[in-house]
Every structure is written in structure tokens, then in C-alpha cells.
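Reviewing the structure listed below.
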């Protein structure tokens, strides 16, 4: 009877531990969306993260440039925004026209 009681106790403790660990793993998605990734990869890099919780601060775990990495997310489009707009493109700061020679944005390097 002693060994079967020990076995029941061990199984019970294992189940309680597994349930407790699953409760801690609650994956809360951080704000923003992952930037667009147009890079074609022949081989994926090892992941640097698996969920947003693996990343510090506001960074999200996103697939970018051939592997999962912690990156600064882009803001989601506001309701009624242009759905075809590439939100991952780094737009220059306001007032860039005054700082760039000429009137064409193609003549001014973007950030």
C-alpha cells in the first residue's frame, strides 16, 4: 500500500504543477502590429523569441528578416484609414519638406 500511495501522491503533484505552469503562461498580445516583411529567405534563422512576453517593453515577437525577433511594432490603422497603405514604411517626421531641397519627396532621403 505504501508504494501505491506514493505513486498517487507523485501523479497528483505533477498534475497540480502542470496546471499551475499553464496558468502562468497566459500569452497577452502587446499593442500594435508586426511590420511588413518582404524579405525572401532560403533558410530561417533560429528564433530569438516565441511570444510577445519574451520581449522587453513594447517590443513584439514578430517574424522579420528570416526569423522571429523582438521588434518595435507599428501602430494599427485607425478606423477609416487607408487599408492599402504600407504601415511599416518609415515616414519622415512632420516638416520634412522644409528640410529637404526641392519639392519632391524622392529627392529627400527618408529616415
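Placed from the backbone N, Cα and C atoms, the Cβ positions cover glycine too.
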Range annotated as region 'Disordered' - as stated in Swiss-Prot, picked from 48-79, 80-111 = 80-111
Per 10 Å Cβ neighbour count, which of the disulfide-bonded residues 34, 62, 66, 70 ranks highest?
-> 62
DSSP-derived structure type at residue 70 (disulfide bond), helix or strand or else coil | strand
For the domain 'WAP' (27-74), provide the mean pLDDT of the predicted model.
-> 92
Sorry to bug you, but what's the C-alpha spacing from residue 41 (disulfide bond) to residue 34 (disulfide bond), rounded to the closest Å?
-> 18
